[in-house]
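Just below is one structure, and these are the notes that go with it.
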Protein chains: 2
Amino acid sequence: MILSALLTSVGINVGLCFLFFILYSILRNRPNNSELYIPRLVAEGEFQEADEVNARRLLPSFKWVKRAWQPSEDELMSNSGLDAVVFMRIFIFGLRVFRFAGIVGIFVLLPFNYMGNQLNIDFTDLPNKSLESFSISNVDDGSSRLWIHFCAVYVFTAVVCYLLYFEYDYIASKRIAHFYLSKPQPREFTVLVRSIPVTAGRSFSESVESFFSEFYPSTYLSHSVVRRTSKLKGLVSEADKVYKRLVHAKSKKYTQQRFKRAGFMGLFGKKIDLLDHYEKKLEDMEDNVRTERSSLAGKEVPAAFVSFKSRFSAAIASQLQQGLKPTEWITEQAPDPHDVYWPFFSASFMKRWMCNIAVFFSCIFITVVFLVPVFIVQGLTHLDQLEIWLPFLRGILKFKVISQVITGYLPSLILEMFLNVVPPVMIVLSSIQGYIALSQIEKSACIKVLWFTIWNIFFANVLSGSALYRIDVILEPKRIPELLAVAVPGQAAFFIAYVVTSGWTKTFSSILLRMKRLIWSLLKRRLGWKSDEEIEVPSNPYHKEIPRILFFSLLGITYFFLAPLILPFILVYYCLGYIIYRNQLLNVYAPKFETGGKFWPVVHDSTIFSLILMHIIAIGIFGLKKVPLASSLTIPLPILTLIFNSYCRRRFLPTFKGFPAECLINKDRLDQRDPTLSSFYDELTTAYRDPAMKPIRYSSTSESSTSPLLR
Amino acid sequence: MILSALLTSVGINVGLCFLFFILYSILRNRPNNSELYIPRLVAEGEFQEADEVNARRLLPSFKWVKRAWQPSEDELMSNSGLDAVVFMRIFIFGLRVFRFAGIVGIFVLLPFNYMGNQLNIDFTDLPNKSLESFSISNVDDGSSRLWIHFCAVYVFTAVVCYLLYFEYDYIASKRIAHFYLSKPQPREFTVLVRSIPVTAGRSFSESVESFFSEFYPSTYLSHSVVRRTSKLKGLVSEADKVYKRLVHAKSKKYTQQRFKRAGFMGLFGKKIDLLDHYEKKLEDMEDNVRTERSSLAGKEVPAAFVSFKSRFSAAIASQLQQGLKPTEWITEQAPDPHDVYWPFFSASFMKRWMCNIAVFFSCIFITVVFLVPVFIVQGLTHLDQLEIWLPFLRGILKFKVISQVITGYLPSLILEMFLNVVPPVMIVLSSIQGYIALSQIEKSACIKVLWFTIWNIFFANVLSGSALYRIDVILEPKRIPELLAVAVPGQAAFFIAYVVTSGWTKTFSSILLRMKRLIWSLLKRRLGWKSDEEIEVPSNPYHKEIPRILFFSLLGITYFFLAPLILPFILVYYCLGYIIYRNQLLNVYAPKFETGGKFWPVVHDSTIFSLILMHIIAIGIFGLKKVPLASSLTIPLPILTLIFNSYCRRRFLPTFKGFPAECLINKDRLDQRDPTLSSFYDELTTAYRDPAMKPIRYSSTSESSTSPLLR
């Protein structure tokens, strides 16, 4: 790609970003967009009149930037939880890393790259210059300038490792502090027991009761066995629908609207009063629900939530093997009651284990299948190939603008569209893997999406783009450094375009402006569809966002010494992201669960992987550039990095898995002075009831527009 | 290698084995060998007079075979502990596997191999026939007979997996039963705490006391902090030596022998009474020891043994993270008091972790360096090469017998000699890795020796022998199946010779006959050296024996379908081993520690590895033999095996790591009815004292020949 094509792409995107920015600043202040842009404030009733006054104006107001910038970390923590803080720490970490990388890259490495003569480019025609002249490819083979790159790699690794250590330490201490400050949570006192063995003549409930009251007589509090409620859930949701229709029918002003013919499509048969009809139906359904509930006793699933009187006992029960057989009485810490993912409880140990294996292979399959769109995209960046395949395009491609748009902008757009499908698929895969909490599913999906992104965006693009793509390269590890060294620098331009399109513009359009929702709500308003639904407050889709952010960090780290030109673009991305995500966390997203910062280890591991990948490429590049000594001297670097990582795992990871005995016992003792503890225990005994088992009260039909089931 | 060379080797070894067998049967009955062949019985005072009567005879007695055969597993367990039972289960498992393999191999696969025409060998001259004609190499390329091999591989894998599951299950249940039956052990109630943080103005002892009495007020019993005792140990052992000399001097009959000149080498200076001299010296030393002991309070090491009142509390303390920082207050289950390895306690978390890494790299280094003797050995099996290197040998090598001895017997003998050096080296490496129990060191060394053996005996021989040896093959995993398929079958003859030499003869000579010790004791007796030492009862060197036994199982499994000719030899090895090791366990070895069968997972993993290796070779072979369909259809087999292994790990491994809460609590409750519990608690408080800290009483010098320190 030449410089002017890149500039076209950057230009288009900067324009789009600016447009979106202005658009948001206008739209945000319009009151009928409040449900779209500040749903959280509206839901929490914090939507102030002062905003409404401003809202009449059509002039853009940029106050939101200041308001997103201002809150301190503690305010963010109390507002959106530790997970949000950890999420923002990714940006702070990224900014720190790429501030350093940018300074070194642009002011030290870039001039040396440009001064090289390897590619024999003349200095006069800057716009038509290949971007390669700014990359390491332009440095002469065997030049002693490569030692500057070598030093940069070492220094950069040291800086990143230092920052990683600092950040891990900081977040670990935040996590402990957050634990000490938080109120008693049901999850801390509760253990999920699975694979309860079948005992003849005893229900699972009795088994659990006798097992835990025998072995934990002083601290066992209560338990609730999970039941197979899929049928009940169907009935309840059906009843819910009928209830909504009933409310709707009641709200109609003219009574004639309430009558309808009973027959086919309401056209034939005798007229009936809809109100009576729905009320009768609802009563029948309530009866059904009641009979279904009473028959549930026999539908127990070998899983139960067991609550204890202290956090320490719960931790003991969850961390020690309970039963004789390691595949029975499997315990783990329970998630929060509203975080529980109910559908997959009935699965046995064997079934969950088989599902795990099946999911593993499905992931591989999806990753392989996804190569097809990647190849299509890569075809677009290589226009000459495309012309050969589809000769009728030759006429169109003659126009310079079109060809520049196609090579600069279209590939990453198409890739982005395909990539949108991946996170939901991974969520589905993770959810059949047998996790029992939404947060666990999201974390697992986050890791899956991350590796998928790295493999399918980075490796597939890099290797296919260089026409060297062969899936069997993973079978020849020795050739990997060389292969990557040949392929990676050539893709710098593509990835700069990717950062600009997928990083800048997408953050503005889909995160800040919530484009899809905006269009949908505009359509609804235009067509006059008014829904009675509650304001929907979304949660931050970590599994989608974290991999994206980390992927840019991977790009920045690997291209740091190859093509430093990418660094300013990534730095800008992190700056934009910092403000935009902060704004969304404060105004749009409500936390769905609280993992206590368990996403950070994913970020740490991904950064370590990026470093190692950079080292491998460096080994290859220095070899290719005929500085074998530098190549050999780089080999200790990945080893040292891995040693550093293994130390971090030992030093910090346990803190993210559970809490130490010291904390648990101290916190338990603090609680004992708390007078509300006994009422908390009462709540605890009913906290882990299946939502389908909660009482319904349609008969005392209230006029409120929300259904009691949604409460 | 041709058949006659193999037969020479087998002949020599059968002869040697028979000789050793007769020799043992004679020597065993001679009373002055009792310390050599039945030291355990002698030490336990079970050496019966009835044996002595027989002993006068010089005729061999084969009763020992019967006596080794008779005891049931429970008798063996009560006699030698669970580890010995598990050790014998390796033989039982091996016998079961190779009984099946032998029947299939010899009666199904071998005839088909022999009937092939691939190698174009004529059928008349059997003795000069290459052994290859019995191997899969002789089956015609693309022949449908290879499907028989294919089926055999599948069936054999299924049988081995079934046996593995059965055996794991059996041993896990034995382990639990053993736990229930055993008396209270100090290790069950005690936790080793390391990396105790430094608190200003407090000794480690006070820190431990306050930490555990704060967090475990009801169950904390006592603790003993480890102290830096290397200097004290030196003093005590010196005092011990002087004490021995004193006893020796006292035992001398003639008083003039007790006088010696004080000067250089006892030649100059005034005459002194040795008795007075030693007694004075001993008194000085005792003073030294006492002052050193009193100054020890300041030499505390940040490690302590903390004892609890119940097993369950100890398990909680050892399995939950205790302190805030995961690198402080690191707890683990304590080993038995006599199993503790004291020297390495002073190491900090960082130091131990660095040592671990250093040991890892040392192992790799040793493995690489060891290739030199392997190459020498391989030079011997390829005589033609040797003649080129050392032309002066040509004359000698013309004699058929010599060349047959050299190719058939010498290589494995030389290899064996070098291999003898490895286990002690690995023990040293494991001991600086920071393990705190002799049993852990031995287990870790066992794993190291096992992988060393597999790599250096199997892979190095296989790949160097085929002149295809390149260390960088590990960097090209795709070529591995093909490479192994080419190389492995060719080495069948070498490995048959290895089984016969290293398996049969070595088991007889070094295990049963204890050749080195025998020669040493003969020498001593001839030269009139009489030692006052106690009878030394050795323990079974698991780290040396288990890898050897498992290596034969690896050979058997990988060669099962390649060259079934090896199977009868391995079967004979397992039969011999079963009797000989049983005899040694009952008569010679005393258990040094009790791990409760923790060696079995090593056996399981090694067998799984052997199976996978066989599958990889099968994939390569079927590809080479132009049956690509069979090759592809073999690919699921290693995957299925790994899935089976992962199931086994989940199902059984936790039982080998610790005991479930159910067991611990039940056993604790049983104990509470035991009236001796309070006296056990008293013992517990002093059980984990450093041996150097135990009281010495030289002053009340007794005439007994054993030193009080050894008691």
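Cβ atoms are placed via backbone N, Cα and C, with glycine included.
The domain 'CSC1/OSCA1-like N-terminal transmembrane' annotation in TrEMBL covers A:5-167.
What TrEMBL records for A:189-343 is domain 'CSC1/OSCA1-like cytosolic'.
Sequence annotations record features per position, and here TrEMBL assigns domain 'CSC1/OSCA1-like 7TM region' to A:357-622.
Residues or ranges marked as transmembrane segment in TrEMBL: A:6-27 (among others). Proximity of distant same-chain residues to the transmembrane segment (A:6-27), defined by a Cβ-Cβ separation under 8 Å and at least 6 residues beyond the stretch ends, is recorded for 33, 36-37, 58-62, 64, 127, 131, 401, 404-405, 408-409, 493, 496-497, 500-501, 504-505, 508-509, 512-513, 518, 569, 576.
A Cβ distance under 8 Å defines the sequence-distant neighbours of the transmembrane segment (A:97-116), meaning residues of its chain 6+ beyond its ends; these are 133-136, 138-140, 143, 145, 148-149, 152, 155-156, 159-160, 163, 553, 556-557, 560-561, 563-565, 567-568, 570-571, 574. Positions annotated as transmembrane segment by TrEMBL: A:97-116 (among others).
Annotated transmembrane segment per TrEMBL: A:146-166 (among others), in sequence order.
Under the heading transmembrane segment, TrEMBL lists A:353-376 (among others). Tertiary neighbourhood of the transmembrane segment (A:353-376): same-chain residues 347, 414-415, 418, 422, 425-426, 429-430, 432-434, 448, 452, 455-457, 460-461, 464, 471, selected by CB-CB distance under 8 Å and a gap of 6+ residues from either end.
Annotation comment: TrEMBL describes A:388-410 (among others) as transmembrane segment.
Tertiary proximity for the transmembrane segment (A:417-438) is limited to same-chain residues at least six positions away from its ends with a CB under 8 Å from its CB atoms, namely 192, 332, 335-336, 339-341, 343-345, 347, 351-352, 355-356, 358-359, 362-363, 366, 370, 373, 444-445, 448-449, 452-453, 457, 541, 543-544, 547, 592-593. Sequence annotations record features per position, and here TrEMBL assigns transmembrane segment to A:417-438 (among others).
Marked as transmembrane segment by TrEMBL: A:450-471 (among others).
Under the heading transmembrane segment, TrEMBL lists A:483-505 (among others). A Cβ distance under 8 Å defines the sequence-distant neighbours of the transmembrane segment (A:483-505), meaning residues of its chain 6+ beyond its ends; these are 1, 5-6, 9-10, 13-14, 16-17, 20, 131-132, 135-137, 381, 408-409, 411-413, 415-416, 457, 461-463, 465-466, 468, 473, 548, 552, 555, 558-559, 562-563, 565-566, 569-570, 572-573, 576-577, 613, 616-617, 619-621, 623-624.
Beyond the transmembrane segment (A:549-581), the same-chain residues lying 6 or more positions past its ends with a Cβ under 8 Å from any Cβ of the stretch are 10, 17, 65, 68-69, 87-88, 90-92, 94-95, 97-99, 101-102, 104-106, 109-110, 113, 131, 134-136, 149, 152-153, 156, 160, 450, 453-454, 457-458, 488-489, 492, 495-496, 498-500, 503-504, 507-508, 511-512, 602-603, 606-607, 609-611, 613-614, 617-618, 621. The transmembrane segment annotation in TrEMBL covers A:549-581 (among others).
Long-range Cβ contacts of the transmembrane segment (A:602-623) within its own chain (Cβ-Cβ under 8 Å, at least 6 residues beyond either end) map to 90, 93, 136, 146, 149-150, 153, 157, 160-161, 164, 167-168, 443, 446-447, 450, 454, 480-486, 488-489, 546, 550, 553-554, 557-558, 560-562, 630-631, 634-635, 637-638, 641-642, 644-645, 648. Sequence annotations record features per position, and here TrEMBL assigns transmembrane segment to A:602-623 (among others).
Under the heading transmembrane segment, TrEMBL lists A:629-648 (among others).
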